[in-house]
Amino acid sequence: MKIVVKVGGSAIVQGLDAQRFKDYADVIKQLAEDHTILIVIGGGTPARDYINVSKQLGANNSILDYIGIGVSRLNARLLISALGDIAYPEPPYDYKDAGLAMYSGKVVVMGGVVPGQTTDAVAAILAEYVHADLLIRTTSVDGVFTADPKLDPKATKIDSMTPQELVDMVTKIEMTAGANNIFDPLGAQIVKRSRIPTVVVNGKQPENLIKAVKGEPIGTIIKE
């Protein structure tokens with residue numbers, strides 16, 4: 001299969017622990033033995049820290065977006081280092097470059113692309129561009145919930161939903177540079193348009209990627 005994985009920054013780069021990158025690299029190496037893998041990595045806490053400081057310095061939203069993109073590309077380079085020779089050596093700057101890099105036979109790792117697009121949207125657009133068979137979105141919780149489980153103890157996990165239900169849910173969420181949400185509105189719209197099966201899993205356990213690829217009941221499945 002051709003698989004695009006959105007690795008949430010909150011799942012891998014919080015605290016910038018080298019072991020987390022190694023753990024993800026080990027799982028990705030296993031998947032790459034049988035599948036074509038493209039990774040989009042978010043900015044995580046480091047991006048939000050830089051963005052918060054930039055806000056205090058008076059930076060506008062476009063500048064904040066560029067800062068987030070820059071940090072996500074640094075995170076991509078860290079994962080490339082952890083993957084070693086199986087990784088394409090440079091994070092692509094756009095979807096066309098990523099598509100071309102894919103034909104090298106290497107694992108492609110990239111960050112953000114343009115202002116106004118979160119890495120959720122980048123992953124969804126990339127999946128559509130390369131005709132992926134599966135999109136996996138990792139996050140810091142066990143899937144999509146009826147509310148933020150960190151704030152609402154009554155929130156329940158949704159085992160499966162349609163792309164339209166995802167769109168309806170996320171359009172109520174305000175998106176800002178560095179925002180940490182389950183999915184962004186543009187990404188959700190692309191998932192709906194492309195009809196690519198999508199699974200949202202807890203990224204704190206990298207092995208969940210393998211379970212999602214195997215079709216095991218994990219996280220939230222988004223499909224028609």
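From the backbone N, Cα and C atoms, a Cβ is placed for every residue, glycine too.
These figures come from a predicted structure and were not determined experimentally.
If you look up Swiss-Prot, you'll see Gly9, Ser10, Gly44, Arg48, Thr139, Phe145, Asp148 marked as ATP binding site, on the strength of sequence analysis. The UMP binding site annotation in Swiss-Prot covers Gly43, Asp65, Val113, Val114, Pro115, Gly116, Gln117, Thr118, Thr119.
The structure, with features from Swiss-Prot marked on it.
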residue : record           : Cβ within 10 Å
Ser10   : ATP binding site : 19
Gly43   : UMP binding site : 30
Gly44   : ATP binding site : 26
Arg48   : ATP binding site : 18
Val113  : UMP binding site : 22
Pro115  : UMP binding site : 15
Gln117  : UMP binding site : 17
Thr139  : ATP binding site : 26
Phe145  : ATP binding site : 20
Asp148  : ATP binding site : 12
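Distance noted between the C-alpha atoms of Val113 (UMP binding site) and Gly9 (ATP binding site) is 15 Å. The separation of Thr119 (UMP binding site) from Arg48 (ATP binding site), Cα to Cα, is 14 Å. Considering only the binding-site residues Gly9, Thr119, the Cβ with the fewest other Cβ atoms within 10 Å is that of Gly9. For the binding-site residues Gly9, Ser10, Phe145, a Cα-Cα cutoff of 10 angstroms around Gly43 (UMP binding site) retains Gly9, Ser10. With Gln117 (UMP binding site) as the anchor, the candidate binding-site residues are Ser10, Gly44, Asp148, and the one with the nearest CA is Gly44. In this structure, the C-alpha atom of Thr119 (UMP binding site) lies 20 angstrom from that of Asp148 (ATP binding site). In the three-state DSSP reading, Phe145 (ATP binding site) counts as strand.
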